[in-house]
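*Asks:* Take this structure, written in structure tokens, and hold onto it; I'll ask about it next.
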Amino acid sequence: MAPPPPPTRCLPVLLLLLLVVAPLLAHGRRPFISDGGNANANANASVLRLPSAAAAAGEDMGCEMSYGFLPCTTTAWGNLFLVLAYGFLMFKSATYLSSGSEMLLQILGPGIVGGLFLPILGALPDALLILVSGLSGTKEVAQSQVLIGMGLLAGSTVMLLTLLWGSCVVVGKCDLSENSTAIDSRDTKGFSLLGSGVSTDKQTSYAARIMAISILPFIIVQIPKIFKLHSGHQITVLIGLIVAALLLLSYCLYQVFQPWIQRRRLEYTRLKHVMSGLLRHAQKHSIGRLLDDEGRPNVSVIEKLFHRIDQDNDGKLERGELQAFIVGINFEDIDWNSNLAADQVMADFDTSRNHFIEKGEFVNGMLRWLDEAKRTVTSGAYSKKFLNDFHARTRDEQTGLLDKDEEEGEADGNPTWTCIKAILLLLLGTAMAAASADPLVDAVHNFSNATHIPSFFISFIVMPLATNSSEAVSAIIFASRKKKRTLSLTFSEVYGGVTMNNTLCLAVFLALVYVRGLTWDFSSEVLIILLVCIIMGLFTSFRTDFPLWTCFVAFLLYPLSLIMVYILDYKFGWS
């Protein structure tokens with residue numbers, strides 16, 4: 001077995017990631033020049049415009065072309081198309097950053113890289129969008145566009161703690177026992193508000209407490225507004241910036257020296273790889289195919305596989321029989337012993353907790369795994385290659401250790417090659433995020449002007465979908481496994497994402513406000529962030545069991561947040 005590459009092979013290249021962003025942002029935008037004479041230009045700007053000789057000569061076209069060549073328009077439909085196009089690019093960049101981060105974490109393990117670099121890279125798309133929202137143009141233009149950054153910051157936090165949190169409760173609900181604890185994989189009470197729900201572990205509540213503490217910088221910058229002070233706004237912005245940066249550093253160092261958060265992510269991806277390996281082996285050695293051409297599970301083949309594993313023919317699988325089957329798989333591409341793998345499968349399949357896997361439990365467990373494999377790998381043909389692709393994807397997220405399987409290829413199991421692939425994904429994701437952030441902000445701003453919808457509401461609703469939808473889909477898929485452990489890992493990721501929003505993204509926003517001398521006038525926006533974080537933070541910090549009715553509390557907070565901003569800004573004149 002080849003040892004994993006030392007961190008020094010990957011660390012220098014990771015340092016370059018921070019240097020890649022600066023040149024892209026420094027040369028990405030042209031100064032915004034407006035003389036107020038856009039009436040004629042606007043009348044002629046009904047289509048997407050490409051650069052022309054007139055543009056090269058500096059003629060005003062009514063809209064600003066990012067990088068001097070990307071199309072622009074002043075119409076609502078044209079800008080909607082641009083928002084969707086650039087939003088998709090931002091979505092792909094977030095996907096690449098997430099995949100590269102997971103792969104690198106598996107190779108290097110918990111430590112400096114996993115604690116310092118990877119959390120920052122995960123929040124990079126949001127941070128870049130916030131940065132470019134007020135980076136260029138006059139002070140007045142920056143003051144107008146920076147509201148897009150605040151909308152993204154508030155929308156991302158609120159979406160994670162309301163829509164995503166509530167969705168995970170709905171799809172992950174199980175029957176609650178007499179002591180209100182969820183029973184893994186048992187969901188017979190339907191949508192009973194009190195009889196079904198989810199449970200998490202204590203460490204998940206610790207992550208929620210860290211998230212609640214991270215709102216401190218928001219409170220600091222609001223002090224002049226709270227006490228109606230006429231001076232000291234810039235000082236409090238600077239203090240808030242310093243506190244946010246210190247909290248970010250503390251959070252990262254905490255993960256380095258107490259790496260339980262990283263280990264939870266590591267455990268999460270390893271479980272996915274064991275699942276994919278068992279499915280692939282079952283496909284190869286079962287009598288028939290596990291899926292037909294339409295992707296429907298073949299229950300008879302799954303039952304034949306059960307009888308093959310059941311060596312004593314007593315109609316149930318003992319742990320020893322399961323371990324013997326796993327030993328036959330010969331996991332050469334994963335640093336895992338058969339005892340641990342058998343424990344993982346027993347915990348996932350044995351829903352009755354009688355230390356046996358009955359035929360019904362085995363069939364249901366295989367059906368869940370196959371369903372998750374279908375949702376993870378988008379393949380047109382459900383052949384053997386389908387499960388091979390699923391296994392390859394989870395292996396890339398796993399250890400990168402040497403793989404001797406002939407079908408997978410020699411290079412895929414090489415840890416050095418996996419490290420290079422992870423870094424390339426990170427570089428590609430960073431470059432895409434840096435390149436598409438500026439055009440996306442411009443498109444949102446122009447769409448707001450064309451439709452007369454405040455840019456805050458557009459960025460609050462639309463932009464978090466571009467930067468967080470990949471993680472949201474993954475979280476919902478794994479919450480649907482209806483296990484306390486996977487739900488705990490899922491909620492920990494949600495709370496970690498909010499913590500990075502409240503530290504890194506807020507620090508970027510405050511730095512932008514302070515350096516450019518912008519006015520801090522975001523009381524209503526900060527208020528909804530504080531309310532949602534405090535309500536959900538207190539709610540999740542001191543309890544581990546959540547009945548189904550709690551999801552409606554989370555869901556209601558989302559529209560209430562939008563309504564509150566509208567009333568405070570447009571009825572009471574807060575902004």
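Just so it is clear, glycine is given a Cβ too, placed from its N, Cα and C backbone atoms.
Copying in the features that Swiss-Prot gives for the protein in this structure:
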- 69-89: transmembrane segment (TRANSMEM)
- 112-132: transmembrane segment (TRANSMEM)
- 146-166: transmembrane segment (TRANSMEM)
- N179: N-linked glycosylation site (CARBOHYD)
- 210-230: transmembrane segment (TRANSMEM)
- 237-257: transmembrane segment (TRANSMEM)
- 297-332: domain 'EF-hand 1' (DOMAIN)
- N298: N-linked glycosylation site (CARBOHYD)
- D310, D312, D314, K316, E321: Ca(2+) 1 binding site (BINDING)
- 337-372: domain 'EF-hand 2' (DOMAIN)
- 417-437: transmembrane segment (TRANSMEM)
- 457-477: transmembrane segment (TRANSMEM)
- 494-514: transmembrane segment (TRANSMEM)
- 522-542: transmembrane segment (TRANSMEM)
- 548-568: transmembrane segment (TRANSMEM)
*Asks:* So which of 69-89, 146-166, 417-437, 548-568 is most in touch with the transmembrane segment (457-477), counting Cβ pairs under 8 Å?
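*Replies:* The stretch I would name here is 146-166.
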*Asks:* Looking only at Cβ atoms, how many others are within 10 Å of the one on N298 (N-linked glycosylation site)?
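*Replies:* Around N298 (N-linked glycosylation site), other Cβ atoms within 10 Å: 15.
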*Asks:* D310 (Ca(2+) 1 binding site) to N179 (N-linked glycosylation site): how many Å between their Cα atoms?
*Replies:* 35
*Asks:* For the transmembrane segment (210-230), give me same-chain residues lying six or more residues beyond its boundaries with a C-beta closer than 8 angstroms to one of its C-beta atoms, as numbers and ranges.
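*Replies:* Same-chain residues near the transmembrane segment (210-230) but 6 or more away: 236-237, 239-241, 243-244, 247, 251, 254, 495-496, 498-499, 502-503, 506-507, 510, 520, 523, 526, 529-530, 533-534, 537-538, 541.
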*Asks:* Of the binding-site residues D312, K316, E321, which one sits closest to N179 (N-linked glycosylation site) when you measure Cα to Cα?
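*Replies:* Nearest listed residue in space: K316.
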*Asks:* Other than its own, how many Cβ atoms are within 10 Å of the Cβ belonging to N179 (N-linked glycosylation site)?
*Replies:* 6
*Asks:* Let me know how many other Cβ atoms fall within 10 Å of the Cβ of D310 (Ca(2+) 1 binding site).
*Replies:* 19
*Asks:* What residues elsewhere in the chain lie close to the transmembrane segment (146-166), defined as a C-beta under 8 angstroms and at least 6 residues from its ends?
*Replies:* 126, 129-131, 133-134, 441, 444-445, 454-461, 463-465, 467-468, 472, 475-476, 491, 494, 497-498, 501-502, 505-506, 509, 512-513, 518, 522, 525, 528-529, 532-533, 536, 550-552, 554-555, 557-558, 561
*Asks:* Could you state the CA-to-CA distance between K316 (Ca(2+) 1 binding site) and N298 (N-linked glycosylation site) to the nearest Å?
*Replies:* 20
*Asks:* For the Ca(2+) 1 site given as D310, D312, D314, K316, E321, which other residues of the same chain have their Cβ within 8 Å of the site's Cβ centre?
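*Replies:* For the Ca(2+) 1 site the neighbour list reads I309, Q311, N313, G315, L317, E318.
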